[in-house]
Amino acid sequence: MLAETAFVTPATPYHPGEEAAVPARSQIGLHAAKLGLQGGAFAVFALVLLIFALSSPIFLSPFNLGNILAQSAISGVLAIGLTVVIIAGGGNVVTGGIDLSLAANMGLSAAVYASLSQAGQPDAVAAGAALATGLVIGAVNAVAVTRFAIVPLLATLAVMNIVGGLELVLTQNTVIPAVTPLLETLSGAGPLGVPVLAYGLIGFALVTALAVQATPLGLRIQAVGSFPEAARASGLAVNRFVAGSFLFSGLSGGLAGIFSAAYLSGSTTGAGELLLPVVVTALLGPVFSRRLVPSITGTLLSALFVGVLINGFQLLNLSSTLVSGIQGLLILLVVSATTLLKRKEG
Amino acid sequence: MTTPPSDTIIRLDGIEKSFGGAKALSGVSLAIERGTVHGLVGQNGAGKSTLIKLLAGLHQPDAGTIEIDGQRLTHITPHAVESLGIHFIHQDRLLVPTFTVGEALFLGREPRIAGTPFLDRRQMQRRAREVLQRYFGLSLPNSALIADLSTAEKQIVQITRALLDQPKVLVFDEPTAALVKREADLLFQLIRRLREDGITVIYISHYLQEIEALCDRVTVLRNGRDVATKALSETSASEIAGLMVNREIGDLFPVREKAPGEPLLTVDRLSAPGRYHDVSLTLHRGEVLGLIGLLGSGAKEFLRTLFGLETAASGTVTVQGQAPWQASPVQAARRRLALVPEDRRRHGVALDLSVKENTTLASLSRFTRLGLIDRTAEESETDRLITRLQVKTEGREALLRTLSGGNQQKVAIAKWLSRQSDIYLLDEPTVGVDIAAKVEIYALIAELAEKGAGVIVLSSDLNELIGLTDRILIFFRGEILRTVTSETATVDALLADVTGSSELTRHAG
Amino acid sequence: MTALSPSLAPQTRRRLALGSRHALPVALVAVFLLFSALAPGFLSLANLESVLVNNFTLLSIVAIAMTFAIAAGGIDLSIGTAVDFASFSFVTLVLSGQPVPLALAAGLGGGALVGLFNAVLIAGIGISPFLATLGTLFIGRSVQQLLTNGGNPVYLPPAGVPESFRFLGRGTVAGLPVPLLVAGAIILIAGLILSRSRFGRVVSATGTEAEVVRYSGLTLKAHLAGTYVLVALIAAVAGLVLTSTVTVYIPSSGNAFLLNAIGAAFIGTTLHPHGRPNIAGTVLGVLLLSLVANGLLMSGLNFYWQQVGTGLLIFTVLALSFASRKA
C-alpha cells in the first residue's frame, strides 16, 4: 500500500541534516548556483568598492561616502517605497505590485513644497503639504487598483501622466527655487560631517526595514504578496494590505520630493526621468537579500550600489552613462540566472 | 480504544447542489460522531469534493441543512466554519514558499516581543520546533524555507498549523496522495493520537486499505448520494468497493465492432528513471487501449511522454514505421498524435478564445493561404464539427468560458479532429463532464476507433475503462503490472490490482 | 489579455462586451464635439491635418508595434530603443555616403537587432517580457551614449547628402504627406497580420493561454520570438520616419513614445468584444490621445494641461472598463 507513490518524489529523510550528507549531485549544483547568485552580488559590490578605493584616493573619505549616501537619498527613498508595493503586490511586475507614478509623485511633491515656500508659507505647512500630496497620489493608486481593479501597471501609468501634468501646470515647467531652514538643514552637514540627507535615507530605510522585516505586519505583507491564497486562508484581508502599500509608496514620493527640493535647492523639471532607474534599483534588490526576495535592506544596498557606481565613475573621470548599461546587464544576468535555476528545479 | 461519548458533532441533512444544470449532490445526509475518524469514499465525480467544499463554506448548498455542534448554520462562510473549530488540510498546500517553517506556522497569529511591536522570531522558532517535535517527532532547521521542504514535510507543517488552533474537527482531503509509505505511517499514527485527544477526523481517500486501517466509520458516496454509512468493524474493503461502483450503467457504452487493424503506434521499452520503467505496447488501428494507475504509478507520465511533453531516458516510440523522433508536442502533432489533457481549462482549451479559434488552433495551416486564414473554410469546418460533436454553444464565436465542462471537452477533441489526427491520447476525458455529454464522448471515441483511429484512454473511472476499451494496461510502481482484456475484466479485480492489494495478498499468501 | 486582466466571470464578460465596448468611440465623439465647440480653430482642415501629421503618425506606428507585444501577453519597454537604433543606423549610413535605400534597410536592420535581443531573452531564456525589455532599454541607452560620445545629437546637414533622405518624412504623394501614407500602410498590414493571419491568431492565443498553444502542437517559442522581432521592425519604421522628418538623431529620444503607446494599446482593448488588444482599437486610442492633446492646445488652455487631460482620460477609460468587468 502506498509504496507506488514513491515514484512521485524521492523520499526525503526526516532529518535534513542527514540528507545533506548524501544529496544528489544535481542538488549540489543547484545549491551552489543559488549561493553563487546570493553571494555573487555582495562579491561584486565588494569588488567594485575595492577597485574604486584603490584607483581613487578620496573615494573612501568620509566626505565622499556621505556624498554617495546623500546622492542616493532620493532614488533610495523612492526605490524603498516601490519595494513595499512589490512586496505586497507580488513579484509579477505586470499584474503584481508596481508603482510607475513614484517619480512623478516626487516631482509634484517637490513643486508643491517649493511653491508654498515661495509663497511665504512656513516649513511645517510646506512640508506637510508635500507629504499630503504624496499620500493623496498613493490613495488614488490604491482606489484604482483595489476598487476599480485596474492592473497596477496601467493604473499607476495613468496616474503618472496626471501627476506629471499637474507638476507642469504648477511650475510652468520652470525651476522654482526654495531656500528654507528645513532645506538648509537637510542639505547641510550633520554629525561626523556626513550630509543630513544621508541620515535621512538611512533613517527611513531603517524604520521601513524594521516595519517590513521585523513586525507581524511586515510578515503579513510578505505573505499577501508572495501567496495571496495562503494569506487569505490565514484570514488576512489581502486588498487592505495592497491599498496600504500604495499609500506608503505615495508617502515615500512625498518624502523624496522634500529631499529633492533640499538637494537641488528647489523644484526642478524632469522628475520622470528617475522612474526607470528607480524601478531597476528596486528589481535588483532581491540579489542583495538572503532569500532572493524583495526586501528593504536589499533595495537599500542596491540603491547604494548604483550610487557607488555613479560616484566612482565620476571620480575616475569615466562617463557615468555606462551606469545604465551596467544596471541593464546586471538585471538581465540576475533574472536569466534565476529563470534558468527555476527551470532546473522545476 | 476507549469509546468516546456518542454524540454528533456534524450533521448534514438532505444536501443538494447543482453546478450549471449538472447535479453534483442529490440529497446527501451524514452524521459524524464526536471523537471518531470518519472515512469518506467514492469514485471520481461521486461528490466528495463538492461535499467538502460545502462544509468548508466555499459553496452554499441549494437545499438541505448543515448542523455543527447542534447549531444550525444558515450562511456558511469559511470564517464561520473555522471559528467553530473545523479545519481543513487541503490537497494544495497553502504555505508561503519563501517563509521559514516558523513564519509559515504562525502567520496571522505571530508572537511579539513583550512590550514591543516586533516579531519574536526566537519564540516562533522555539515553538515551531516544539510542536513539530511533539506531534511528528520532526526536527527541521530553523532556517529551512517552505520551498526546501519535501511534500510530506509541507503537509506536516500545514497540519501543525491547524493543530495550533486546537481544532475540534480536522478534515483531511486525500492526504497521502503525495507521501511515501513511511510518511503515511507517521500520519496514521498522528491521526490515531488526535482521536485519543478527542479530535474528530474526517478522512477522504481513494485508498480503501487506509480507510480500513484508520477509520471507525465510513460513508460511501455514489452519483451524488450517500449510499451507505458503515462501522468498519462490520464491513470490509471489498464490500466498500462494491458500494462505490455503479453497476447499472453498462448501457452507457456503445457497442463497437472490434477489429484491430495494422499497428499504428509501437512503444519499445520506454523508460524514464523515477517515473516508469521498460514500458512496451502496440496500439492498432481501430483499437481503444485503456491505461490505469494511481498517482505516481507512471501512467500519466508515460502518456505525456508519448505527446512529447516529457522526455524518456531510453526506449523508442514509433508511429506507423516512421523513425523515432525528437520528442516535442510539435513533432508529435505532426505525426498525427493528439492529446486531450487532463487539465482541460489550462491545457486543453483556452477559455478566452472562441469556439472557432479553439477548434482550428491545432490545424490552422489547413486554412491558411499565403499566411492569411481563409475565414469561410475555417467557419465551415468549425460548424461541421459543432454539428458532428453536438457542441452546445451560442455559436462559433462564443467564448469557451460560456460552455459547460462537457462541451468544452468536446471542443478539446474537435481541435484534433480538425487536425485529422490518427492517434488520440485521452487523459481523464470525462472528469467534470455531465452524464449526457459523457455518453456522447463515449460514442465519439467508439466512432473514431471504428473509422480506423487508435485511442489510448487514461482514466480512473473503472467502469469507463471496462466499457470503452479493448485492453487495459495496469500501471503499478512505474511498470505495467499486467494487461487484461476488457471483456473479462471486473471492477473489483482492477481495483485490487491498481491499489496493489492483490500484490499484498499474493505476498501474504 | 489574461495576463493583464483579472479573471472574469462569464456573465461579467458578456456585460463588458455590451457595456464598455462603446467607451472609446463615445469618448472620441465627445472629445471631438467638445473641442469643436470650445476651440475655434479646431475644426479647420489645416488643424485636423496637423493633428494627423504631428500627433498621430509616429505614435500610431509605435503603438501598433506595442499592440503585438501586448497581444502576445507581454510588453516591450525597449520599443523606443528600436526607434533609436533604426534612426542611428539610418543617419550613420546616410552620412557615410551610402545610398538612401541601403540606409533605410540598415535602419530596419538596426531596429530588428533590438527585437532579436529581446527574442533571445524572452523566448530563449524565458525571462518575463517586462524585465527583459527593461534590461534592453537600459543597455540600449548606454550603447547609444557610447556611440555618440556621451549623447550628442547627430545631424543630417542639408548639404553634402542626398535630398532623398527627406522624402520619407517630408515628401508628399498625390498631395498626401508620406508619413501619413506610411502610417496608413502599417495600420492596414498590421491589422491584416493580427486579425487575419495564422501568425496573428497564434500570437493572440499565446497572449490568452500560452500553455494551450504548446499543448496544441504549435511552436510557442518561435511565435514569441517572431512577435518581438516584428515589434522592433515596426518601431524601426517609426524611427526612420522620425529621422527623415527632423533630420537629426537624438540618442534615447524614442522613449518619449513608450507610455502613450502602452496607454493607447490598452485603451484600444476596450473596443474588442473580448477585451483583446487589436489594431483598430489602438488606432482609435492614438487618435483620441492626439485629438485631446491638440484640442487642449487649441482651446487656449495652458500647454501643460495637455498631459493632465490625457492622463485623466486614460484613467477614466480604464476605470470604466475595468470596473464594469469587476462588477
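We count from 1, first residue shown onward.
Including glycine, each Cβ sits where the backbone N, Cα and C put it.
TrEMBL entries are annotated by machine, without manual review.
Now, the feature entries from TrEMBL:
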- C:23-45: transmembrane segment (TRANSMEM)
- C:52-71: transmembrane segment (TRANSMEM)
- C:174-194: transmembrane segment (TRANSMEM)
- C:224-242: transmembrane segment (TRANSMEM)
- C:248-267: transmembrane segment (TRANSMEM)
- C:279-297: transmembrane segment (TRANSMEM)
- C:303-323: transmembrane segment (TRANSMEM)
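Under 8 Å from some Cβ of the transmembrane segment (C:52-71) lie the Cβ atoms of residues 4, 79-80, 82-83, 129, 177, 179-180, 182-183, 186-187, 190, 194, 200, 203-204, 207, 227-228, 230-235, 237-238, 241-242, 254, 257, 260-262, 264-266, 268-269, 276-279, 282-283, 285-287, 289-291, 293-294, all in the same chain and six or more residues away from its ends. Counting only same-chain residues 6+ beyond the ends of the transmembrane segment (C:224-242), those with a CB under 8 A from a CB of the stretch are 57-58, 61-62, 64-66, 68-69, 71-72, 74, 76, 79-80, 82-87, 90, 104, 107-108, 110-116, 118-120, 122-124, 129, 168-169, 179, 182, 186, 190, 193, 199, 203, 206, 254, 257.
Listed as Cβ neighbours of the transmembrane segment (C:174-194) (distance under 8 Å, sequence separation of 6 or more from its ends, same chain) are residues 52-53, 56-58, 60-61, 64, 67-68, 71, 167-168, 200, 203-204, 230, 234, 237, 241, 245, 277-280, 283. When Cβ-Cβ distances below 8 Å are used as the criterion, the transmembrane segment (C:23-45) is approached by residues 267-268, 270-271, 281, 284-285, 287-288, 291-292, 294-296, 298-300, 313, 316-317, 320-321 of the same chain, each at least six residues removed from its ends.
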